[in-house]
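What TrEMBL records for 99-403 is domain 'Phosphofructokinase'. According to TrEMBL, the ATP binding site annotation covers Gly105, Arg168, Gly169, Gly193, Asp194, Gly195, Thr196. Residues or ranges marked as Mg(2+) binding site in TrEMBL: Asp194. According to TrEMBL, the feature site 'Important for substrate specificity' maps to Gly195. Here TrEMBL flags Thr222, Ile223, Asp224, Met267, Gly268, Arg269, Glu323, Tyr379, Met380, Ile381, Arg382 as substrate binding site. If you look up TrEMBL, you'll see Asp224 marked as active site, proton acceptor. Sequence annotations record features per position, and here TrEMBL assigns region 'Disordered' to 468-496. Residues or ranges marked as compositional bias 'Low complexity' by TrEMBL: 474-484.
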Amino acid sequence: MAATGNNIDNSNAKIVLGDAGYVLEDVPHLSDYISDLSTYSNPLQDNPAYSVVKQYFVHVDDTVPQKVVVHKNSPRGIHFRRAGPRQRIYFKADEVHACIVTCGGLCPGLNTVIRELVCGLYNMYGVKKVLGIEGGYRGFYSKNTIHLTPKFVNDIHKRGGTVLGTSRGGHDTSKIVDSIQDRGINQVYIIGGDGTQRGASAIYEEVRRRGLKVAVVGIPKTIDNDIPIIDKSFGFDSAVEEAQRAINAAHVESESMENGIGLVKLMGRYCGFIAMYATLASRDVDCCLIPESPFYLEGPGGLYEYISRCLKDNGHMVIVIAEGAGQELLSGSIDSDKLDASGNKLLQDVGLWISQKIKDHFSKAHKMTINLKYIDPTYMIRAIPSNASDNVYCTLLAQSAIHGAMAGYTGYTSGLVNGRQTYIPFYRITEKQNKVVITDRMWARLLSSTNQPSFLIPKDAVAEELKEEETTNKLDNNNNNTNNIEDETMSKPSVM
Ligand SMILES: Nc1ncnc2c1ncn2[C@@H]1O[C@H](COP(=O)(O)OP(=O)(O)O)[C@@H](O)[C@H]1O
Ligand SMILES: O=P(O)(O)OC[C@H]1O[C@](O)(COP(=O)(O)O)[C@@H](O)[C@@H]1O
Ligand SMILES: [Mg+2]
């Protein structure tokens, strides 16, 4: 990383240092690689809706801290640029040709984001050319496009899924950028998860290499909540809420029968946020199993022993399992190296597997009939429309994304950090995945709410502590040495 005075700049990072350990991880701007760009006054200043708002425009120096819990002598730490409308913009309305694409798995709220991008571009900035790319990244070069208007998108937020369609795989950077260039597109809004944001980053790099005046903007989507830095992703609340219906059903079923067990599988390929929050919300769950907390079945402190105890004490129990939990236990028995078109691991059905294991164990070892009902609501949850709070969140995300692009920023993901809308450079979003930290307070709250075993044998607990210590040391180094920027979110849960 090359440093020039107070500024450090390369194609990956644009870092500005300030007083008392202040670090701004800034996002790229079109003017970084194109000279003599014209600017225009923001039409919002003449918009009657905003004309009465004092200080409507975001100050050029406004930034948002990544870490809000600080000590008296802590350095000020990492900050991100605050999102919002700027006084000067870099595109005239009739010059903008925007496009929107959705990629990866479904998530509640995709249609709301599409709707608000279209309406925001039309109503706030007077943009009339907005193109929908069908079927994910491959749609740029192999599918039809849709002309999106406020009329077309008017009702779509009431529907689940994405009106544009989506896909995995098919990311061909040069074909995509050729298509952007051929169609004269100059604002690209890309809605998707970690894989999608990696793809968006590659598109931004290629656009920049070709010197194009094209703003490339990511909007983070993930039902799993596995995107780092941001407080939480849209659709997550809706998913947790919808999961309650499955958990309630599991509870009713289990209560109604002798030795009843209700088992619910929830999404979460590499992380257990939905399972953890759905469990905390429900109070009916006796055991929550997530990928971050390995568990075992046999012996003291194991799952079978805990099930026996619950059945003896209460006559029934409810288990919630994230789809990525216990995969290491299954992998011994089944071939598990398959990947999907995007290179994500294809998981075995841990719900079916564990149901069978529990039934077999209790019939063999205890000569006991277990009434186990397995509910897999995963795709039903993913396909719902977003709830009210997610709808508001999607609206703010979409509007923030637009303001940034109009102001000439590019190569960023729009995201909520400590309750404020920000612009985060792509590399920070893609460098790692967000996970439940099992040595954190949130997981402890869950354990104390379910009373389940921690499944940590003392050896594991020490290892976890060492891992945590290592992270803390990294954070300390990070605070002292801004050239070594690591992720601070490791030690904080992303959803509070
Ligand atoms: N490293 C990468 N570089 C470029 N494109 C990628 C990369 N990883 C994933 N993609 C593309 O992003 C899209 C969505 O990725 P996927 O992992 O399926 O979903 P999500 O974005 O929800 O994580 C796919 O079209 C995939 O080809
Ligand atoms: O069957 P599909 O469509 O590949 O999706 C399954 C995966 O999609 C998810 O819902 C979300 O994953 P992405 O964020 O990568 O889209 C995972 O929880 C799940 O494992
Ligand atoms: Mg993903």
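Every residue, even glycine, has its Cβ placed from backbone N, Cα and C.
Recorded features from TrEMBL, shown on the structure.
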{"residue": "Gly105", "record": "ATP binding site", "DSSP (3 states)": "coil"}
{"residue": "Arg168", "record": "ATP binding site", "DSSP (3 states)": "coil"}
{"residue": "Gly193", "record": "ATP binding site", "DSSP (3 states)": "coil"}
{"residue": "Gly268", "record": "substrate binding site", "DSSP (3 states)": "coil"}
{"residue": "Met380", "record": "substrate binding site", "DSSP (3 states)": "helix"}
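Among the binding-site residues Gly105, Arg168, Gly169, Gly193, Asp194, the ones whose Cα sits within 10 Å of the Cα of Thr222 (substrate binding site) are Gly105, Gly193, Asp194. Among the residues Thr222, Ile223, Asp224, Met267, Gly268, Arg269, Glu323, Tyr379, Met380, Ile381, Arg382 said to bind substrate, no two Cα atoms are farther apart than 16 Å. Arg168 (ATP binding site): 19 other CB atoms within 10 A of its CB, across all protein chains.
Set side by side, the binding-site residues Gly193, Gly268 differ in how many other CB atoms lie within 10 angstroms of their CB, and the most is found at Gly268.
Shown in sequence order, Cys103, Gly104, Gly192, Gly199, Ser342, Asn344 are the same-chain residues outside Gly105, Arg168, Gly169, Gly193, Asp194, Gly195, Thr196 whose Cβ sits within 8 Å of the Cβ centre of the ATP site. Taking all protein chains in view, 21 other C-beta atoms sit within 10 angstroms of the C-beta of Gly195 (ATP binding site).
A distance of 9 Å separates the Cα atom of Asp224 (substrate binding site) from that of Gly193 (ATP binding site).
Screening the binding-site residues Gly105, Arg168, Asp224 for a C-beta under 6 A from any atom of ligand 3 leaves none. Around Arg382 (substrate binding site), the C-beta neighbours below 8 angstroms that are at least 6 residues distant in the chain are Gly105, Leu106, Cys107, Pro108, Gly160, Ile223, Ala239, Met267. Largest Cα-to-Cα span within the ATP-binding set Gly105, Arg168, Gly169, Gly193, Asp194, Gly195, Thr196: 13 Å.
Selection of the binding-site residues Asp194, Thr196, Asp224, Met380 by a Cβ distance under 6 Å from ligand 2 yields, in sequence order, Asp224.
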